[in-house]
Amino acid sequence: MSGRPDSEHAQAIVRLVIASLLLSYLGWLKIGEQGTNVDLTLAVMAGEAIVAAAIMVAILLKPGVSHVRRWIGMITDYATLATLMLLKPAELSPLYVIILWVTIGNGMRYGSRYLISASVLASLAFLSVVAFSSYWWQQPFLAGGLLLGLFAIPLYLSSLLRDLHRVTEEAKRANEAKSRFLASMSHEFRSPLNGIIGMSELLRNMKLNAEQRECAEVIHASAHTLLFLVDDVLDISAIEAGKLKRKDADFELPDVLKRVQQMLQPQADAKSLKLSVAADERVPSSLHGDGAYLTQILLNLTHNAIKFTSTGSVALQVSLLEEGTAGARLRFSVRDTGIGIPDEHKQRIFQAFEQVDSGPSRRFGGTGLGTTIAQTLARLMGGELGLDDNPGGGSHFWADIPFEVRVEQVAEQHGLQAGGKVVAFDDPFVRHRARVRNLRILVADDQHANRRVLVRILEKAGHAVLTATNGDEALDRFEGGGIDLAILDMHMPQVSGIDVIKHLRYMQAGTARTPVIVLSADATPQAAEQARAAGARAFLTKPVAVARLLETIADAVKAQVDPQEAKAVGDLVEPSAPRSELLEELAEMGLGEEFLVSFVDQCLKDAASCLVRLGDDGRRRDWNDFRDGAHALKGISQNLGAWVIAERCQQIMRASDEFLVRDHGRLVEELGTQLHVAVQQSKREVERILRNQPAGDTGRGGGAGPEAS
């Protein structure tokens, strides 16, 4: 019954209960009084009980919506109540309350239309009682008031139901708007974060003096903190929408623990904290469950521990609680020597947006969502998350989560000790070359600058790279054959990355499939699910680490490596990030003068092409393509730091059709003027960088992009 589309079964149960109570009441009346009326009332009530039982049986046999059953139930109810009130006017006058109750019940269960119909039937039933009963003739004012109530109360309730429905719809639309806003903001936040994290990682790998290295470390740690906040807001949005689903798969617990330590070790080092990650010897390493959610739980708890600990240590320990034939229940404990949590705050620490020091003078930042998200994910996985005092001071968070244990077990358990930086190579490119054979990789992106940066990264990793400017060209490349792997931008005009994958699956039906990695700044679960459903081997959101990208490539081609050689360092540099210092940062990558000059020249050529496209789209009155062209021009202008053009393109992307019909000509003309200025400023900026910044010099001197203030 719980899966039925309406609550008719509940109405039928109520009908049976009321019929049984009335039969009992009438039976009690019959004991003290004999007569025809009493016998008739019992017969009428017995008939109502039979109809109620028949309706219940019909619902069990055919549980779908039935308007016929609803009308049979209403007519039978009102006919029975009216007949009873005629036969025993005084004794059964309280049945008026049941008439009103039945009327409201039909309206609440089936909507306003049934409420009005029930009100009419109830009024006719009671009016017939008043018309043919001398008892009610003697009380005309009372009868009139009660009759009016059968109209007034349901009508007033109907207006309340309409208001409730309207408010509910408004709340639903507001929630949908919030979700769209968060998805949009995720994209906008991740683009600049991609540049900040990527460039800071490149800085950290350069030869820097102590002061410069300290600055690079602060930038890197701050950017990762901001990324945590962005992810938390998106996660809580998904939780509120009820869109979280488990995706169980085989995974190695040591890999999860190593990934957590690698991601958080820089933050612990920045605060001079001892971060230790270890698993007991009895803990199985090969598990089946949602490894991604487990990683997120451990990241949230350990990140919080580091944030609220000024001195001392943070320890992540895994122990075995119980083990059976089907699986094992593991405890993940995170202990710190931080500020601790007072008893009065322990109950609300798992509530959204709550922190121990949530006042205006709080010392620690954050959204207050980490523990809420971790608890929700733990429960989704069939576990529980709790909080205890740490005997040595600080806090102790634990998560007890069940997993299936895979039959194949590694004999040696992979315990990670404090600071465990056991890696074969510090350079992710050297590490990748040792793990993966040279591949032929296709990179498809509609922005030339984006393609050039990816090409340089992949070539440095030892791969041969083919490029495509759109989905159609990518499919043509596939027809030529010889491609080992493809990296596709998710959002390309005309034929998107998702469409390319779908076409590719048809092209390669019955043959070995080329693995595809999708890159996107859209971090919503819907985007990831869309890519996976299309057949992508992996979906990576920006900012993505260089090591993460290279390891994903290795996984996609099934490279066999020692798991100890997989330390994630470095981030993918995606030049679409709106950074005013992007040209300086590209120069510092050591890619050479020729690359920098050709990069800027190509950006300017792409911008000019976009401007021509905007003019053509405007003349054709194709406003969707017009907005797509503005989106492309926005990315190019961000590469050059042309903030005025980028902002104007953003306005065009959000403009209504009516506005574009009226002002598209003026907008294109203004963009042309601004682009002319950007051309001159970009050329001067390149000359300045090449003149003032020799190889190896990392001085910044406050230089800004062409149109940055």
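Each residue, glycine too, has its Cβ placed from N, Cα and C.
Features reported for this protein in TrEMBL:
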DOMAIN    184-405  domain 'Histidine kinase'
DOMAIN    440-557  domain 'Response regulatory'
DOMAIN    592-693  domain 'HPt'
MOD_RES   ASP489  4-aspartylphosphate
MOD_RES   HIS631  phosphohistidine
TRANSMEM  12-28  transmembrane segment
TRANSMEM  40-61  transmembrane segment
TRANSMEM  81-102  transmembrane segment
TRANSMEM  114-135  transmembrane segment
TRANSMEM  141-161  transmembrane segment
In this predicted model, what is the average pLDDT of the domain 'HPt' (592-693)? 81
In whole Å, how far does the CA atom of HIS631 (phosphohistidine) lie from that of ASP489 (4-aspartylphosphate)? 14
One stretch in 12-28, 81-102, 114-135 has more Cβ pairs under 8 Å to the transmembrane segment (40-61) than the rest, namely 12-28
Report, as numbers and ranges, which residues of the same chain sit near the transmembrane segment (141-161): CB under 8 Å and 6 or more residues beyond its ends. 96, 99-100, 103-104, 107-108, 111-112, 115-116, 118-119, 122-123, 126-127, 130
Mapped onto three states, the DSSP assignment of the residue listed as 'phosphohistidine' reads helix
Within 10 angstroms of the C-beta of the residue listed as '4-aspartylphosphate', what count of other C-beta atoms is obtained when all protein chains are considered? 25
Three-state secondary structure, which DSSP defines for the residue listed as '4-aspartylphosphate': strand
May I have the DSSP-based helix, strand and coil counts for the residues of the domain 'Response regulatory' (440-557)? 55 helix, 24 strand, 39 coil
So HIS631 (phosphohistidine), by the Cβ count within 10 Å over all chains shown, scores 17
For the domain 'HPt' (592-693), DSSP counts of helix, strand and coil? 94 helix, 0 strand, 8 coil
